[in-house]
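Asks: Pasting in a structure now, in structure tokens, and then I'll have a few things to ask.
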Amino acid sequence: MEDFVRQCFNPMIVELAEKAMKEYGEDPKIETNKFAAICTHLEVCFMYSDFHFIDERSESIIVESGDPNALLKHRFEIIEGRDRTMAWTVVNSICNTTGVEKPKFIPDLYDYKENRFIEIGVTRREVHTYYLEKANKIKSEKTHIHIFSFTGEEMATKADYTLDEESRARIKTRLFTIRQEMASRGLWDSFVNPREAKRQLKKNLKSLEPCADLPTKVSHRTSPALKTLEPMWMDSNRTAALRASFLKCQKK
């Protein structure tokens with residue numbers, strides 16, 4: 001799974017996910033399913049934000065990469081991917097500026113057009129179940145919830161999906177592609193049900209005699225399909241801005 005993640009996702013996404021896991025004392029090399037889940041969630045958050053701007057009349061517009069509109073304001077503030085201290089600093093700044101209610105938990109995005117925080121969910125389970133879990137945890141009607149699944153389903157607060165249909169379709173297509181690539185490598189079942197995968201693995205290992213030639217790592221080969229999974233949503237200017245904002249690494 002770790003090899004798949006590093007081959008499938010943009011290096012910046014991988015770096016942010018590693019940083020987030022290490023902040024909580026987790027190892028991406030051991031908790032590989034969580035590593036994949038965090039990368040997927042980060043990518044969905046970035047895709048949710050990219051190409052969406054607010055013009056001088058405070059109207060929401062969509063601008064594809066390469067258009068000369070550098071002065072436009074991004075519609076969404078990305079909070080996910082920052083360390084906890086910086087994330088709360090951003091949240092507090094938004095609340096002080098806009099007057100919106102401060103959330104109890106760190107949200108993923110802030111929508112400057114609708115003036116609300118957004119919690120993004122990506123689930124391997126049924127969307128309604130995951131939505132209710134999110135709502136029960138957040139316990140706030142002020143934070144908007146939007147759930148996506150790997151099967152193309154989605155659910156949002158009051159059926160308000162925020163984005164246009166085409167933008168949401170890009171996210172759904174990407175999630176479906178990730179699922180297909182995992183399945184083709186035999187990784188999907190363990191990603192959906194890690195406990196069952198662990199139990200089955202132990203059972204299988206017990207039936208095997210000790211052998212020095214047993215494989216211990218996932219294949220490093222990249223499938224032809226993965227080579228086409230370039231993250232088109234990540235234009236160079238956006239990548240540079242995000243890297244400068246999120247990753248404050250000193251040059252060695």
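Note: Cβ is positioned from N, Cα and C throughout, glycine not excepted.
Residues annotated as active site in Swiss-Prot: E80, D108. The annotation site 'Important for efficient shutoff activity and nuclear localization' is assigned in Swiss-Prot to R195, K198, R199 on the grounds of similarity to another entry. The site 'Important for efficient shutoff activity' annotation in Swiss-Prot covers K202, K203, K206.
For each listed feature, how buried is it and what is near it?
Replies: Remark: E80 (active site) has H41, L42, C45, A87, D108, L109, I120 as non-local neighbours, by Cβ distance under 8 Å and separation of at least 6 in sequence.
Around D108 (active site), a 10 Å sphere centred on its CB holds 24 further CB atoms from the protein chains shown.
The Cβ of R195 (site 'Important for efficient shutoff activity and nuclear localization') lies under 8 Å from the Cβ of no residue that is in the same chain and 6 or more residues away along the sequence. R195 (site 'Important for efficient shutoff activity and nuclear localization') carries a helical DSSP state (H, G or I).
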Asks: Hey, does DSSP put E80 (active site) in a helix, a strand, or just coil?
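Replies: DSSP call for E80 (active site): coil, neither helix nor strand.
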